[in-house]
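Input: a single structure, listed below in C-alpha cells.
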Amino acid sequence: EPPQTGRLALYLLGLRAACPTHSPHRSLVTWLKYYLEEDWTGSRRHGRPLSNYYQYGLGVLALCAHHKRVREEVIRRLLTAQHHGRLGHGGNAVDTEAVVALAFTCLERRRLVGKELAAELRAAAHGAGRSMAKAQGPDGLIGNIYSTPWALQVFLATGMCQTEPAFGQAMAALLENLEAFSTAATMAQVLPVLHGRSYLDIASMHCQEEPDTLTPLDMEALAEVPGSKTVQLVVECPLPWCYDLKLYDRLVPVPTAASLLDVLQAAAALEPRDFSFHTQDTFQGPFLKEVLGLEARQDKRNYWQLLTAPNISLQMGIADYRPRDEEMLILRLSEW
C-alpha cells in the first residue's frame, strides 16, 4: 500500500488551521517528511510518486504551512513534473497543478528556499495560474466544479485575482453550484475561497490572536422527503475492453431523495447476479472503481465516466448527485 502522504498532509493542515493548544503534531510532521521520501523511493524507477503528484504536492504544502524546510530535491521533483506536463488529466490536472502551485508560492513567500529557486517557483506558480485561466470552460468552471475552488485559491495566493478575468467568472459559477459541496473534504476546499482566502493563509495565522469559536453544534437530522422515483441505469463498455456496448439497462426504483450511490446500491440489491459495483474511499468521497466486475485501472488509462443522457458528464460524485425522476444515468468505461 502506498504511503498515506495526502491524508496525513490534510490532517496537518487541519491541525494548523484549528490552532491546537498543545503540539501533538511534531512527530506527525516528521512522519510526513518520511512519507515524502518513501513515496518517491518506492517508485524511483518510474520517476513519479507511488501515490500521485496531488498527494505529493499536498505533503510539501503541509510542511511549508508548519514552517518546515523541504529538501531541494523534493521540490525539484514537482518542478520537473510540471515542466513535463505530468500532473494529470482533466479536472484532476487542475487539482494537482493548483496544489503544486500553492506549495511553490508558500515556499517562496515563507522564504524557505534560496533566491534562485524562489524565482523559479514564482514563475512556475504564475504559469500554472495562466494555464488554469486558459482551461476555463464557457460555464465559468475551471476543470470541473470541484477543481474550481483549487484554481481560485491559486489566483488568490498569487495575486492574479486582481488581474485575471477568469477569477470573477469562476467565482460566479461557483456561487451558482454551492449545493455540490456536501462533504467535509469539498467544503474545506471551497470555504476559504468564499472568504477570499487560500490554504496559504494557514501558514501566517497567529494562533494566540484567534478567538475560540470551535464550539459544538447541535445538528438536527434532515427530515426524509416522502415519495419515490424511478431512474434508468445503463452500463456501457465500448471497445477495446468489451464487445457489447450496453452491458446493463434497467429501471431502478428509489426514494425521492436518493443519490446516485443509493441508485447503485438499490440495483445491486434488486439483482445481485446482474449488477455489482465497488467503490474506493477518497478525500472527496466514494469513487466508482468497478462495475460488473470491470475495474477501472490507471495503468490501462481508463475510468468509469458518469453521464446523464444523452451525453452530459456529471460534475458531482456518486454520493452527491441526486438524479431526477425518470432520468437516465450512464456509467461508461472511458479512456483518459
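A Cβ is built for glycine as well, from the same backbone N, Cα and C atoms used for every other residue.
Copied from TrEMBL, the annotated features are:
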type     : residues                                                               : note
BINDING  : S51, N52, Y53, Y54, Q55, D95, N144, Q189, W304, Q305, L306, L314, W336 : cyanocob(III)alamin binding site
DISULFID : C64-C106                                                               : disulfide bond
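The structure, with features from TrEMBL marked on it.
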{"residue": "Y53", "record": "cyanocob(III)alamin binding site", "contacts (Cβ under 8 Å, 6+ apart)": "L78, A81, R86, L87, G88, T96, V100"}
{"residue": "Q55", "record": "cyanocob(III)alamin binding site", "contacts (Cβ under 8 Å, 6+ apart)": "T5, G6, R7, A9, D39, P49"}
{"residue": "C64", "record": "disulfide bond", "contacts (Cβ under 8 Å, 6+ apart)": "V70, A103, C106, L107, R110, L112, A203"}
{"residue": "W304", "record": "cyanocob(III)alamin binding site", "contacts (Cβ under 8 Å, 6+ apart)": "L288, K289, V291, A296, L331, R332, L333, S334"}
{"residue": "L306", "record": "cyanocob(III)alamin binding site", "contacts (Cβ under 8 Å, 6+ apart)": "L260, L288, S313, L314, I318, Y321, L329, I330, L331"}
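Ranked by how many other Cβ atoms sit within 10 Å of their Cβ, the binding-site residues S51, N144 place N144 at the bottom.
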